[in-house]
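The next block holds one structure in the form of structure tokens; read it before the comments.
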Amino acid sequence: MAGSLDDSIYNNGRSGGGGGGFKFSKGFNKDSISKRIIMMLFFSKGIRAWSCIILLYFLQSSISIISASFYMCLFSAIFSVVVEKPWNLLSSLRPSQIKKIIYHSIFNLLIIITWNSSIKFIGPIGSILASDYTFSTYPLIFNSLLQGNFLATDMSRGSIMLMIGYFLIPLFGISNRLDILGYTSSQVFMIGLFSLIVHNVLVLWKKTIVRSWNSGSSGGKNKLSSLGSCVSTIILFVFKLFEGFSSGSSGSDSINQVSYSQLFVIAIITFILYSLNQFIDDVSEKELTFNVLSKVSLTSSVIFGLLAALFIGFKDFFHPILILSFIFIINAIHILYSKSNDIQPMTFSNNMDGGNSSIKTYNSSGGGGGGSIINGNGSGNAIYYFEILKDVLRQIVDKPTSRRIFTFLVINLMFMFVEMAYGIWTNSLGLITDACHMFFDATALFIALVAEVISQWKQNDKYSYGYGRFQVLSGFVNGIFLIFIAVTILMESVERLLEPPEINTDKLLLVSVLGFIINLIGIFSFHGDHGHSHGGGGGHSHGGGEKKEKHHGHSHGGHGDHQQVTPILGEEKKKKRSVNIDGVFLHLLADTLGSVGVIVSSLIIQIWGYTLADPICSLLISILIFLSVLPLIANTAKTLLQCTPEPIQSSLYQINQFILSIDGVHNIISYHFWSHYDDMNIATLKIQLNETASSNSTLDTERIKKSISKYLNKDHNIHKCIIEFIPLLYNNNNQQQGNDVPLINHHIHNDIHHNHSSSSSSSSHHHRHN
């Protein structure tokens, strides 16, 4: 297993000195110690592989995943409590320590459940190959994916081989006995792949988080970990009781009846998988390089698995594709960690033992190895990208709108995972399908969240107007997404109207009610922003105020001036909308309508047996979704196509008349009005000056520019104005030449900050061209 459930239970074999760890007698030389450690590692990993094979038969025949996880967590907690005696810490627990205990319990709970799920749906040998040492290989794969340049360096080629080896295991290395459990091959693949990836990510996450804690001595950390195991056991016991009630009501509770002999075997398996395995790892990591350690461990697992398959049968747990995956993984590790690539081993401290044990990862010193990945100073590409991720999370939390999107995204994903897990548990296709539908909603929320974060970035040379238009693009994409959903539901409804299918309403009503509640929370969360976008409410905390602060560097204190401007233009409130939030709101509204339709149709079917209620409700919902999303697509498309905003379009005549009435203006050659995003309207004008203004260009153009800018900002909500002045020229015969050969081509670029008075226009930029 790629990470221990409770690292505290195997530290009793170490000394408490500064060097710590298991020590051999001085009578052994270094080569002798290495050989003995390799033999000890080889046989211990083989015994672990056999233990996982026995665990597979328990999971497939007599014990569920929840029950097996409970018993294993119980025995692990007992071993830990006996060794660490954590009750001495209970009387002096601090809030920070309680928080760490909760973290330990959650990690332990999820890691052991996903591990047992991987054993059941992928098989023991495949799970070992695809999970061992991934806390070291996953960051390397992640770094290679971010760098690109596939197959260009040894590091990228090795990463590709690792990904192929890992992916082949859940794709082809499934157990053939799973067909008797009522799962299809696609279900086995998805469940196995999901469990394996989540398990490996949790192990990596646990090591990263716990390693960053500074809680004093390793003994204190071990006691906290022991208490975390006890909390995990209690939570799993509650899950087991709930599972027992559910299976008892359905008459299938015999699967979780465990005998004393089976409990004894599970206790031995737990000791081997967690205590003995980690103790051997701790000893081996101090004397062996990562290259040798990983090769010996994985080779032992495959060889002992083959030996067991010779007596038990290959079809039960050992697919031939595992050998190919093993070859890919071993060769990739050799490429990535060999001396030829200048990869120097470094230590990755164990997450529970205060840094006494270490796992050797990688530190490429450059050259053809693809650059530094991780080094002792915390630099390198992988750490760099993790720092970027932390900064993005900080940006999300800082802004109220993005914080609400992120919060609801997490709630949506949690409900999706619970629904998926319960659907797999009960083998309910309806629950699994609804969970997949919620995944599309989560995708829409993720798109909106990304757009909300990017839109706050400052303008630069490449994006001179900033990143605000990403919100418009997000709204347009989500609108197209909703059109696709509406058309799909419409086609399915018509098909069901023509050929009504048999409908199983089991658990459908419960799931629909829960989904309705979740979506209702989201609707109320985003309704304020959505109402604001249509003119409801005068607050600016989630709309233009944040963008103005980001793009122009002004505080919210300037809103008072802005509020003096908005009443003059009655149509401005209509334009103050966040199409990004509109897209999220419409997604939630569509999902809520879907839940309402399912609730209504389920009640009609259960009460009156009228099965056509389901396609009729779906048909009505698809039409409502289609009609509600059309305004969003129309508005975002007009913005992306740079159409003249509707309030300005209806006032073009007044704008032209005002500009022509200014002293010094001879003609308007061309004008363009467009919206960059929700709160930024832009005007570009080419104005021809008369003879008087042309002869005194600097003073007159400044006066004309101020008049036009003030008028457009105050009366028409135009925030940026770019004006090009063309003089009216005369030739030697005193005939007007228009703007054929201008002597002065004077561009005036004026940024109008709408939370300031019109006097700020004096900060405009002047460019002269001959």
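Yeah, the Cβs are placed from backbone N, Cα and C, and that goes for glycine too.
With respect to the membrane, Thr153 and Gln456 are annotated on the same face, judging by the topological domain names in Swiss-Prot.
225-245 is the stretch from 225-245, 263-283, 508-528 with the greatest number of Cβ pairs below 8 Å to the transmembrane segment (63-83). Long-range contacts of the transmembrane segment (470-490) within the same chain: residues 440, 443-444, 447-448, 450-452, 454-455, 578-580, 582-584, 586-587, 590, 594, 618-619, 621-623, 625-626, 629, 632-633, 635-637, 639-640, 677-678, each at least 6 residues beyond the stretch ends and with a Cβ under 8 Å from a Cβ of the stretch. Residues in the topological domain 'Cytoplasmic' (84-100) partition by DSSP class (helix H, G, I; strand E, B; coil) as 14 helix, 0 strand, 3 coil.
For the topological domain 'Cytoplasmic' (206-224), the model gives a mean pLDDT of 66. Under DSSP, residues within the topological domain 'Cytoplasmic' (456-469) fall into helix, strand and coil as 1 helix, 0 strand, 13 coil. Within the same chain, the transmembrane segment (185-205) packs against the transmembrane segment (124-146): three or more Cβ pairs sit under 8 Å, each pair at least 6 residues apart. Broken down with DSSP, the topological domain 'Extracellular' (118-123) shows 4 helix, 0 strand, 2 coil.
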